[in-house]
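Annotated in TrEMBL:
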- H63: active site, proton acceptor (ACT_SITE)
- P161: substrate binding site (BINDING)
- C32-C113: disulfide bond (DISULFID)
- C65-C70: disulfide bond (DISULFID)
- C119-C316: disulfide bond (DISULFID)
- C198-C226: disulfide bond (DISULFID)
- 22-320: domain 'Plant heme peroxidase family profile' (DOMAIN)
- 1-21: signal peptide (SIGNAL)
Amino acid sequence: MAAAITSTLILLILLSTTSEAKLSLDYYKTTCPKALDIISSAVVNKQINNPTTAAATVRLFFHDCFVGGCDASVLITSNSFNRAERDADINLSLPGDAFDGIVRAKSALELSCPGIVSCADILAVAARDLISMVGGPFYPVRLGRKDSFISKSTLVEGNLPRPTMSVPQMIDLFSKKGFTVQEMVALSGAHTIGFSHCKEFAARINGSVVSPSLNPRYAEGLKKACANYKSDSTIAVFNDVMTPNKFDNMYFQNLPRGLGLLASDEGMLSDPRTASFVRLYAMNQTAFFDDFVHAMQKLSVYGVKTGRRGEVRRRCDEFNNLTT
């Protein structure tokens with residue numbers, strides 16, 4: 001039994017390594033030489049008109065990659081044959097601006113070089129470009145991913161971190177996917193942009209019992225902002241109250257000040273396995289950016305499909321074979 005399990009693990013590692021080896025920085029050099037410019041133009045224009053697009057796209061990218069790999073499975077729309085990933089409970093709050101940005105990029109690419117650029121590559125490049133646009137680091141993205149043949153809501157649960165998770169639970173989740181504690185903390189720094197709906201942290205501010213780790217004035221402000229969240233589930237607040245639209249290390253600086261919004265974020269300051277990285281990134285933005293780049297590049301090749309293991313969709317929201 002042990003030998004069989006070992007053999008299976010070795011096979012999975014070899015398949016993953018082989019898929020990564022097929023990726024390259026100049027994958028579209030001859031087939032669609034302006035691909036990166038077309039993607040950038042589409043998503044940058046979307047960000048200019050809708051400033052929450054950057055954070056939304058980064059979140060969409062993470063939710064895609066952590067469920068079966070970076071294969072654009074989260075972009076598929078459900079139909080009468082299949083309830084897709086995006087309709088899983090935890091994905092219902094994924095912002096529409098992110099999906100729309102990818103659709104716009106795909107539409108522009110199909111006019112220039114139809115059937116060439118995968119939706120998975122578009123999402124990976126869009127996340128990188130938007131992070132850079134709002135002040136974060138720019139990094140190379142290897143290309144050549146194929147889009148998945150599968151997207152099922154039943155595959156989502158247990159593969160994505162929830163805002164109420166404890167640090168040990170998060171470490172266990174990331175570890176199972178091959179990410180270290182440091183990489184987990186660095187990726188969490190993406191919360192320096194974007195927002196969270198009140199229901200995701202309501203337990204910290206409900207009634208007279210307020211989480212003692214929250215700054216009292218901050219907690220009071222959250223209570224006022226979320227006063228009607230039960231009747232209006234769309235109410236949300238910025239993750240980073242100080243510089244909400246700038247990708248920087250303020251997220252980490254906020255934690256010791258009692259300005260961490262989510263319980264899962266605040267917990268990283270008290271757990272000795274994560275606290276040292278939180279303090280490092282709070283003091284040194286360069287260190288955070290360097291480690292974030294490393295973690296994002298590792299994330300971007302997680303579980304990728306290449307060759308016949310995937311396809312290049314004509315539309316990002318549906319499989320080429322509609323009965324899949």
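Glycine too: its Cβ is placed from the backbone N, Cα and C atoms.
Those TrEMBL annotations? Automatic predictions, nothing curated.
Features recorded in TrEMBL, as mapped to the structure shown.
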residue : record                       : Cβ contacts under 8 Å, 6 or more apart
C32     : disulfide bond               : L109, S112, C113, I116, V117
H63     : active site, proton acceptor : V74, E85, I90, N91, L94, L160
C65     : disulfide bond               : L299, S300, Y302, G303
C70     : disulfide bond               : F61, D64, A120, L123, A124, R145, L299, S300, V301, Y302, G303, V304
C119    : disulfide bond               : A72, L75, I102, K106, D147, R313, C316
P161    : substrate binding site       : Q169, M170, L173, F174, S264
C198    : disulfide bond               : L222, A225, C226, Y229, I235, A236, V237
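The number of other CB atoms found within 10 A of the CB of C113 (disulfide bond), across every protein chain shown, is 15. The number of other CB atoms found within 10 A of the CB of C226 (disulfide bond), across every protein chain shown, is 20. Neighbour count (other Cβ atoms within 10 Å of the Cβ, all protein chains): 22 for C316 (disulfide bond).
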